[in-house]
């Protein structure tokens, strides 16, 4: 066992504070690595503020983790000391259900996936995330970060990247397809870059035009304000695929009307309240309303390799751990373009 520095939440109302946590001893199949960078995901904030249920405090958030291997177990074959690696939203699953065997561990129907933080590991201890100096994870849930991807830019790909890559791949985004992205934030800006790299024609749908210049620079061919009622008339029946990256309650009927025959609107965010789904827009053009959650280990590795090949990198702002609480406030105020990444050097010393 080892003791490492970390930042933890102790309640829904208090700021995160520096503390120490214990990491398990490296087992035969484990990989230990020093964390160099950890992204801040809005899910971290939802969790520590108990908006998705009361967590098991203290909580060390962070499921966008990148670093360098320091030790491997005696049976490890995939990694060696010095390798550049990452960990995303989960660190284990049952490994026996059909979904796990298919490389869709995020949909595990056995134990359910074991979250990187605020979950219980196989040994009965709580999992703690990437706002820390080091971590120990089973090799089967560790990802290899390609040499051409900087570690700081790679970190957000382990949640924001795979959350958008998976539905783009599943619903066949590519040449000849028109993709719309609702929201240009942490998820949305990566979705635009990925869809463009896949060869799709990309449109951003945002409440206002204030990020229009960014959207076009990132790869969108068009940018529309959803606050303008004419937008929905103008774009009716235009898209093969729409990714909803925001957690706000939307008029689903209006957005479904933007889809072509057999088009799909994919929910990636988690609205606070249920949304009404009108039947007519679904029936009229055999449209689909569906959802997607992160991605399995094989697909996440595929995503990292794709991003390296196509030079897809999130737009990030690097911070130190003592700025985490201010960063949370800025995320809530939509004052980040487009992902905070914590440089954890001070937690490794």
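The backbone N, Cα and C atoms fix where each Cβ goes, glycine too.
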Annotated companion of 41, 63 at the Zn(2+) 1 site, Swiss-Prot, chosen from 108, 159: 159
Nonlocal neighbours by CB distance (under 8 Å) for residue 108 (Zn(2+) 2 binding site), same chain, sequence gap 6 or more: 93, 94, 97, 99, 100
Residues within 8 Å of the 41, 63, 159 Cβ centre (excluding the Zn(2+) 1 site residues themselves): 39, 43, 44, 62, 64, 88, 89, 116, 156, 158, 160
